[in-house]
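What TrEMBL says about this one:
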type	residues	note
DOMAIN	7-301	domain 'Kinesin motor'
BINDING	G100, P101, S102, G103, A104, G105, K106, T107	ATP binding site
REGION	421-449	region 'Disordered'
COMPBIAS	421-431	compositional bias 'Basic and acidic residues'
Amino acid sequence: MEPKDQQLMVALRIRPLSEAELEEGATIIAHKVGDQAVVLMDPSEDPEDTLRAHRSRERTFIFDRVFDQHSTQEDVYSTTIRRLVEGVISGYNATVFAYGPSGAGKTHTMLGMDAEPGIYLQTLTDLFQAIEETRDHMDYCVSMSYLEIMQLLTKGNRQRTQEPTATNKTSSRSHAVLQVTVCQRRRSPDLAEEVHLGKLFMVDLAGSERASQTQNRGKRMKEGAHINRSLLALGNCINALSEKGSRTQYVNFRDSKLTRLLKDALGGNSHTVMIAHISPASSSFEESRTTLLYAYRAKNIKTRVKRNLLNVSYRIAQYTDVISDLRREIEHLKSKIEKQEKNKSEPGIPDVQGRVEKIYLHGTCSHLQMNKIRAQLIGAFKEQMEMRHSLVELENTNLELHVDLYRHLLTIADWEQGKSDLHMQRDQSELEKDEELAGTDGEDVPEEPQEVAVTTEEVNLLLAEHQKTSALKAGLEQRLALARQKASKMETLLPAQVTSEDQREVLRLLCRAHELEVENTELRADSLRCKTLLCQKDLVIQHCHQHRRLCEQLIRGQWQLMQDSGVQVPEALERQYRLYFRELGEGTLDRLLLLHSRMASSLQVSLTPCTPVCRYEV
């Protein structure tokens, strides 16, 4: 699915006047107008002051949605957040964060109270209800269960620092973040590899504040300084992202941990909702005005949203290796069965009868021992298969790291190439002038941009992660080798513990299980191969379709230009133009593309194999 540009949704919530504000005689200066507008009055205006008559700071702001003191928690949630839950389950990322000055009602909106739960609880309730409704044909893996989430919320809010200030008796002294990860896959085995991974971030930011108003001293003043510094970095990122047509290609998300956390939410792969909070009191005019300005600028931010679909087309090679290993084991087991059949025909009848009498005397013990050995062999086989699939997963992780590493190295290479091209394009006179200005060195090396420096750091992190994954893979390969040795040892000791007939039965069972697993893996690999080919064809057709659209625009423009200019067109060329426009009007090519799309969809469904599941019960 192609990524889509999404506008960041910005909502505004105006809380009621507090008791302290009523006692000090504050007036209401923020008024909701309709569902999307708010008017912020200037409390310093004086109708008798003729000098400031034309310097009013009254402003009107337009947002996606505005809530006043009469709006409930359910109104805020249903209008802004509820639509994100379905997207998270389908594999999209979503972020909601509360922004505003201290004491504006952010924590009330996010956490709420027992009688009026906030966005945290309402979102999680709808999330698990939606999971329950589709549980019949979908499997889900959530990073935490519902009870654990509530316990962590309670525990986290106990540990979250809150201290009274002059502006807010329960002022949050830290940023609170709740992350929920939902992994969705179909129950049918044939589609088990198509995994949708959605992430939901819910952020309750600490409020900006002024030391003169909060009257903080010592440790609380330092905390306020850190809070303001992180919020200032967030504001700088919002300003940079909201500038239309700006030449700035790099937004400094690394100024604070807060902006690093919200990087994807502001400019990456996420549906994002920003809920700004202000106080309507005249005493909070400056804080409300600053918050409204930042929120208004955030409306211009766009994110590029795409579904997080795990691409498994590169697993075909790993499945082929697994098939080869299983085939070798099958041949080995078949050869042992043939060898035992041959050994059985060589001894005389008295030996066979003696062994049968021996088995009859120890029938009960032999039966129990046979079941035990059978269970051990099947357990060893299952353990080997699980480790083989784990190796495939680790190899896929390494391939993903390689892709990310290649993308970052390509960014660095582009910068190096651009620097080289710029140097080659310079005129000789400019080079001589630069050498004179540079001094005796005669070198002018452009400074490395911050984007390249960040990319270099990301490359180092990816290399470290690759080393970690490689170490895990080496450990797993060692465990697999030990498991194979253990199974081989069991096969060696088997003839001395059970009769020849029982041994052949166990070996046939193990051989059949291996054959079923090979067939299972082959079908999955064939299905992935066909799907990969279809995806590649669709991608090529899509690019050709885009190129055709561009050519159509060029041909139409050229024809219109020749018609408007009165240019004499040769008869053969005009005939070709007429033929082209007739085919375009009939829509022949569009119908062919539509037919191909429908046939490809039906073919993809028909190619999905019904994967046999190997049952290990005997």
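Heads up, the Cβ atoms here are built off N, Cα and C, so glycines get one too.
TrEMBL does not curate its annotations; it predicts them automatically.
Note that the structure is a prediction, hence the values are computed from the model and not measured.
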CB contacts for G103 (ATP binding site) [other CB atoms within 10 A, all chains]: 28
Binding-site residues: G100, A104, T107 - member with fewest neighbouring CB atoms within 10 Å: T107
Candidate with sparsest Cβ neighbourhood (10 Å radius) among P101, G105, the listed binding-site residues: G105
DSSP-derived structure type at T107 (ATP binding site), helix or strand or else coil: helix
Residue among binding-site residues S102, K106 with least C-beta crowding, 10 angstrom cut-off: S102
Where G100 (ATP binding site) falls in three-state DSSP terms: coil
